[in-house]
Amino acid sequence: MTNIHTDKILILDFGAQYTQLIARRIREIGVYCEIWAWDHDPSEIAGFGAKGIILSGGPESTTLPGAPVAPQEVFDSGLPVFGICYGMQTLAAQLGGATEAADQREFGHAEVDVVAADALFAGLTDHAGASRLNVWMSHGDHVSQVPPGFTITATTDRIPVAAMSNEAKRWYGVQFHPEVTHTLQGQTLLRRFVVDVCGCQTLWTAANIIEDQIARVREQVGDDEVILGLSGGVDSSVVAALLHKAIGDKLTCVFVDTGLLRWQEGDQVMAMFAEHMGVKVIRVNAADRYFAKLEGVRDPEAKRKIIGNLFVEIFDEESNKLANAKWLAQGTIYPDVIESAGSKTGKAHVIKSHHNVGGLPEHMKLGLVEPLRELFKDEVRRLGVELGLPRTMVYRHPFPGPGLGVRILGEVKREYAELLAKADAIFIDELRKADLYDTTSQAFAVFLPVKSVGVVGDARAYEWVIALRAVETIDFMTAHWAHLPYDFLGTVSNRIINELRGVSRVVYDISGKPPATIEWE
């Protein structure tokens with residue numbers, strides 16, 4: 001079996017918003033990599049066995065006392081080093097060069113002139129012309145003098161050192177961000193460093209990852225049984241498919257139907273996993289319990305806690321019926337691992353993420369199986385397709401853990417949930433028919449607990465309002481509202497009002513994030 005972790009890259013994170021993007025780009029090349037905080041125990045660098053080290057960008061200034069620095073072990077390792085933005089600045093400052101604060105921050109598109117061909121830049125061109133490249137800048141400081149042994153490889157009209165290298169040491173730096181798509185040749189630069197300079201083989205593929213994880217799971221659990229909380233979301237669905245392939249009927253999935261899922265989602269989950277794939281799934285119809293617990297509750301955080309705690313309670317009840325289960329499978333993904341690792345000094349960037357499931361009871365005493373813990377979300381999706389899950393399931397828009405409970409403003413009632421689920425299904429159906437679903441990052445309907453005057457036939461109606469929300473985003477930290485065609489919105493509105501009894505008005509949310517959040521609650 002191929003060892004997919006043999007060739008790997010270590011990324012030291014100095015707090016950049018793009019650090020995870022660097023890792024994702026390297027994984028896309030086909031090479032495994034890990035992100036460590038810049039102040040991670042440096043004695044572990046040699047033992048990690050990386051083929052090369054990348055120093056990320058960051059918000060600090062190398063011109064100020066106490067700025068984060070790369071451990072000396074990085075330079076003593078003999079490994080290739082690639083500094084990006086702040087990473088290049090600290091590379092210069094630590095190796096005898098100089099940095100200075102710019103008169104004005106540089107953010108956005110820029111063009112760099114390649115003035116010396118090294119292993120990264122040789123023969124590289126794009127639409128900007130020969131020896132001139134389109135890049136993306138985001139910096140306040142810049143390198144004013146390169147260290148001894150370094151050559152300036154690129155400049156701009158505003159800064160003297162846009163890139164530098166010491167070919168003998170295999171140390172490289174760029175002031176711009178190759179991981180961002182606006183840098184047109186960025187992926188080529190990263191590939192040249194990872195594959196050509198570091199000599200990594202491209203072994204990190206979906207097929208190899210599946211083979212590796214199947215072997216790991218079988219070795220970990222042996223003949224024991226495993227339970228999994230199956231939500232119908234991407235992560236738990238991929239875990240279910242992967243574990244079923246690895247251990248067959250030793251996997252039992254518990255699917256809690258809360259009554260707050262997408263339209264007919266419970267039936268779809270059962271059809272896909274229980275009927276089509278042959279996975280052992282216990283379906284718990286818990287809608288009555290959820291609506292009873294949520295009666296009279298209007299505060300969003302209170303609703304979230306009730307929904308989460310009740311899931312844990314029901315999952316605990318079902319797991320107690322499975323006496324032979326020794327392992328709990330979870331859909332933990334790599335951003336969760338990065339967040340929990342944190343930083344010793346608190347200066348390194350801590351990446352926040354939303355967890356699908358809250359803490360499970362300590363008395364369960366089950367071992368953890370986390371086959372996705374090395375993967376980013378886009379990698380999880382690719383695994384899902386490789387495992388045979390439908391693309392429509394794997395590439396669905398995000399859905400909040402509390403489900404429709406936070407898309408019904410105020411008190412949650414069964415009739416509200418049924419109305420909203422149907423309205424949402426109409427919106428999504430029309431997006432797919434118009435080939436707009438994949439151009440939006442997230443789209444959904446919201447139930448507003450207010451009534452509006454309308455006219456149905458010749459009679460006055462006083463009925464509910466449905467809001468539609470669609471956004472475009474790269475990272476979900478910021479988002480633009482999707483500029484859907486007016487004719488399309490009219491079609492959706494007409495269908496909702498005509499097909500759903502009790503709705504007299506449909507509105508479209510044109511708020512960006514910030515100031516609004518993507519979800520309404």
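Any Cβ shown, glycine's included, is placed from N, Cα and C.
The domain 'Glutamine amidotransferase type-1' annotation in Swiss-Prot covers 8-203. Here Swiss-Prot flags Cys85 as active site, nucleophile, drawing on sequence analysis. Look at Swiss-Prot and you will find His177, Glu179 tagged as active site, backed by sequence analysis. Per Swiss-Prot, the feature domain 'GMPS ATP-PPase' maps to 204-396. What Swiss-Prot records for Ser231, Gly232, Gly233, Val234, Asp235, Ser236, Ser237 is ATP binding site.
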*Site with most surrounding Cβ atoms, counting all protein chains shown within 10 Å, from the recorded positions Glu179, Asp235*: Glu179
*State the three-class DSSP label for Asp235 (ATP binding site), counting H, G and I as helix, E and B as strand, and everything else as coil.*
helix
*List the Cα distance (Å, whole number) between Ser236 (ATP binding site) and Glu179 (active site).*
29
*Report, in whole Å, the straight Cα-to-Cα distance of Glu179 (active site) from Asp235 (ATP binding site).*
25
*Including all protein chains displayed, how many Cβ atoms other than that of Ser236 (ATP binding site) lie within 10 Å of its Cβ?*
22
*Check the binding-site residues Gly232, Ser237 for other C-beta atoms within 10 angstroms of each C-beta and report the one with the most.*
Ser237
*How far is it from Cys85 (active site, nucleophile) to Val234 (ATP binding site), counting Cα to Cα, in Å?*
34
*For Ser231 (ATP binding site), the number of other Cβ atoms found within 10 Å of its own Cβ*: 25
*Closest of Ser231, Val234, Ser237 to His177 (active site), Cα positions, binding-site residues only*: Val234
_Using a 10 Å radius around its CB, how many other CB atoms surround His177 (active site)?_
24
*Can you check which residues sit near Val234 (ATP binding site), meaning Cβ under 8 Å from its Cβ, same chain, 6 or more apart in sequence, and list them in order?*
Lys377, Val380, Arg381, Gly384, Met393, Val394, Arg396
*Would you mind reading off the Cα separation of Ser231 (ATP binding site) from Glu179 (active site), to the nearest angstrom?*
33
*Mean of pLDDT values spanning the domain 'GMPS ATP-PPase' (204-396)*: 87
_Please identify, from the recorded positions Cys85, Gly233, the residue with the sparsest Cβ neighbourhood, meaning fewest other Cβ atoms within 10 angstroms._
Gly233
